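A.B. asks: Here it is: the structure, laid out below.
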Amino acid sequence: MQGLRTLFLLLTACLASRADPASTLPDIQVQENFSESRIYGKWYNLAVGSTCPWLSRIKDKMSVSTLVLQEGATETEISMTSTRWRRGVCEEITGAYQKTDIDGKFLYHKSKWNITLESYVVHTNYDEYAIFLTKKSSHHHGLTITAKLYGREPQLRDSLLQEFKDVALNVGISENSIIFMPDRGECVPGDREVEPTSIARARRAVLPQESEGSGTEPLITGTLKKEDSCQLNYSEGPCLGMQERYYYNGASMACETFQYGGCLGNGNNFISEKDCLQTCRTIAACNLPIVQGPCRAFIKLWAFDAAQGKCIQFHYGGCKGNGNKFYSEKECKEYCGVPGDGYEELIRS
């Protein structure tokens, strides 16, 4: 389960494509006696199929990703965190999905496009695999449907792969639109893939830029250093993609999310909160209160407790924190300085 957020990015792309979507879809039945609590935890997204023709444009770039499902901030939500490689960078996406009166059916609404996605858990044994179907309806293109296969481990039995294929075919997804993705390993948000210099140079020399408006063009940063861009307001850019990115808000001294269109924009644009904070925060963050935030991810991080004059560990909920948040004790001590314990005061501003 790469999650409804990632499904949404795929399905809404159909709004801009002239496709022949499935005119009718069979009624989707959820897993019998569905247990919400048993679907929580970590999953690997292993395969995808869709009636959306946009999938064929990116199939060679797709790989196995991870998804963590858990209780949401309210009783009516499910929290999702998806981590994947994208364009050589490890990207993390978070979101919240709405429960319905049907156990095993969830909704995700995107106000920008006025679209509501319906997602169904159609087959699962909870301990090994799960198959999701997600459908979208638009006035211009009718219905589209996407199938996703998830596993508790990066590999599944051949019989389960065939079961997924059968489910996808039965809802009108063509065989050449079913993709079993390669496993490139797990990643940490903000990490970049290591690429030999010769290959990187060759790619820059021979690969054309993608067409304007594709939603995948590089940022325009001019001559600014990345840290100099931290004082800029975020820029969505003119393209119509919907990539969740982070920007540094100097007023709140926190990294916050925004929807990046995929091209142009400016340098105050980061794949992960970690990358944003480590680039932009100032030493003033050490005097901020320690904020867990309203989400319930329970991530163990470090923060500087000004009252005690030392770095302490705390549980970060995963959203709406501030800059007083460090990813190791060493980073916290080096940044904020801890008198009397042998660490020098940090002079970076």
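Just so it is clear, glycine is given a Cβ too, placed from its N, Cα and C backbone atoms.
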A.B. asks: Of the residues Cys230, Cys276, Cys280, which one does Swiss-Prot pair with Cys255 through a disulfide?
C.D. replies: Cys276
A.B. asks: When you check Swiss-Prot, which of Cys187, Cys230, Cys239 turns out to share a disulphide bond with Cys90?
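C.D. replies: In Swiss-Prot, Cys90 forms its disulfide bond with Cys187.
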A.B. asks: Which of these links to Cys280 by a disulfide bond in Swiss-Prot: Cys230, Cys332, Cys336?
C.D. replies: Cys230
A.B. asks: Look at the disulfide annotations in Swiss-Prot and name the partner of Cys311 from this list: Cys286, Cys295, Cys332.
C.D. replies: Cys332
A.B. asks: Need the DSSP three-state call for Cys90 (disulfide bond) to compare against my parser.
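C.D. replies: The residue in question, Cys90 (disulfide bond), is strand (DSSP, three-state).
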A.B. asks: Spatially speaking, which of the binding-site residues Cys52, Lys136, Lys148 is closest to Asn33 (N-linked glycosylation site)? Use C-alpha to C-alpha, please.
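C.D. replies: Nearest in space to Asn33 (N-linked glycosylation site), counting only the binding-site residues, is Lys148.
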A.B. asks: What is the separation, in Å, between the Cα atoms of Lys148 (3-hydroxy-L-kynurenine binding site) and Cys90 (disulfide bond)?
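C.D. replies: Taking the Cα atoms only, Lys148 (3-hydroxy-L-kynurenine binding site) lies 20 Å from Cys90 (disulfide bond).
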A.B. asks: Of all the recorded positions given, namely Cys90, Leu240, Cys263, Ala297, Cys336, which is spatially nearest to Asn233 (N-linked glycosylation site) at the Cα level?
C.D. replies: Cys263
